[in-house]
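Asker: Before I ask anything, let me first share the structure, which is written out below as structure tokens.
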Amino acid sequence: MDNALIADENLKKPSKPAYYGTAGYRSKTSDLNNILCRASLIAYLRSTTFAGKIIGVMITASHNPVEYNGIKIIDHNGDMLDEVWEEYSDRIVNCDDEKLAREMKKILRSCSNQSELGEGVRGHVVLGRDTRDSGERLCNNIRSVLGKLNCTVDDYGVVTTPELHFLVRKCNTENRVVDKAEYMKNIAHNFNSLSSITKGNLRMMIDTANGVADMKLKELDGMLDGKLNYEVLNDPKGILNLDCGADFVKTKKRAPRLEALSSSGFSQAANRICASFDGDVDRLIFFTGPKDTEIFDGDSQAVFLALYIRSLLDRIESRLSIGVVLSYYSNNAAVDVLPPESFKVVMAQTGVKNFVSAAREFDVGIYFEPNGHGSVCFSQACIDEIEKGSTKSHAILKILANLFDPCIGDALANFVIFKALMGSADDLRKFRENPSRLLTVKIVDKNSIKVDQKNQVIEPKELQDKIDVEALSLGGRSFVRPSGTEDVVRVYAECPSEADADLLCLKVAQHVYDMCNGIGDHPEIDYTSK
């Protein structure tokens, strides 16, 4: 077995180190195949050391350009991979070829498993992928690698990332490989139930990011007998994430570059609201347009849901706790609109796990990142209470608890929820955002900047002093942090005016460039794309 692993070309050591970030591994280099195949070994190890529970392997690079791909490992309960196993994965991905089998055995022994590789409890892994051309080949190579370890592999084919989370969770709950259709049946059934109560099914235009969303919307519409009430704006031949998708809309602060957006049909459509997904359907951004584009990001979605769910709890006279978990990138106006006597607002560090763990501290925990990734967590105490009631408010809460994914943001589930609850774009206009600006700076080593839990720079301390002076002079706030998914430093600034927000962001970005060995072009704002 050891020799078989060493001889496998798919398992050769990558030329550069790779590390499991907030979105798993992502790359566009020639090492991509080997990084993903080595990382898939962790899914086998996690399964065989945990009574053969089914572990998920999702091949996707989400909102990244089409030439990228990546891998996310899904734990037995549908959660993201535990941090301890992330560290194990980095060891497996980056070790020398002759040490690969030895490192795998070390992990087995650390889990009190004395079996040899490929022996003992049989591992079980399920695969899924997005629509990238490279996905099928990568899945086939992973299947080949895992086959050498006597690991059972089932392939769900093209799925959304949240769909695979759902399927893994359901597989282990029912102790069987469930049919792929179970996911869509759950959404269709609950959407039908919710819209029949609220009488809502807001028509929306859709930006699919030229990704898997198009396929899944057609599948869902088929189950709903053509009643989903939507229109896709993308060209069927469009390139994944190119000038479109949730990340493009959010970061560029503009509507996607789609020919259909300039049509008279869209400009005259009632409410003119569009939902923009990302490549693997775990992010959702709403916008109006195409002219005078107004963007409703994760902050707007969180505030709408918080106020709506609060009203439901008030109607049933519930004393359940309700919390809203936002990001340090969230706009201060979103925090200010939530009354402190009704909500506990918590700020979480970037990374989905941080948001989910904070949300689970409440009976109802609403969490959203500004990028449109978010969900609502319901405690068992909350579910028990709402199950006892028979009012309309109880019924809506029961359905929401079934639709919102408890482990990860599901943009498709969120989409149908908003369709059923909203009457128009006005429902998302709960506050007026303070002007803000986000820039990225490339430096020699992004990890040379150390920040604490509140995004205060610890090293170099002089950088934080500069940030404080600039923020005070312009009456705003700003912070910097190394990106968890890209080799850049992110700079955020927020001020009472757009001009000051831009100026503050530029000044801080320049300090980062000057003090931390910036490389390439100096920071600047491109206004030509507006």
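For all residues, glycine too, the Cβ spot is worked out from N, Cα and C.
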Asker: Which of these, Ser40, Ser47, Ser62, does Swiss-Prot say binds Mg(2+) at the same site as Asp278, Asp280, Asp282?
Answerer: Ser62
Asker: Let me know the most crowded of the recorded positions, choosing from Ser62, Asn371 and counting other Cβ atoms within 10 Å.
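Answerer: When each Cβ's neighbours within 10 Å are tallied, Ser62 tops the list.
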Asker: Taking only same-chain residues 6+ apart in sequence, whose CB is under 8 Å from that of Pro482 (substrate binding site), what do you get?
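Answerer: Non-local contacts for Pro482 (substrate binding site): Lys446, Asn447, Ile449, Val451, Val488, Val489, Arg490.
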Asker: Whole-number Å only: compute the distance from the Cα of Ser62 (active site, phosphoserine intermediate) to the Cα of Asp280 (Mg(2+) binding site).
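Answerer: Distance (Cα to Cα, whole Å): 5 Å.
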Asker: Per residue, counting other C-beta atoms within 10 angstroms of the C-beta, which of the binding-site residues Asp278, Asp282 reaches the highest number?
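Answerer: The largest 10 Å Cβ neighbour count belongs to Asp278.
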Asker: Quick one, of the binding-site residues Asp280, Glu369, Gly484, Arg490, which Cβ has the fewest other Cβ within 10 Å?
Answerer: Gly484
Asker: Please list, in sequence order, every residue of the chain apart from Ser62, Asp278, Asp280, Asp282 whose Cβ lies within 8 Å of the Cβ centroid of the Mg(2+) site.
Answerer: Thr60, His63, Asp130, Thr160, Thr161, Gly211, Ala246, Phe277, Gly279, Val281, Arg283, Ala411
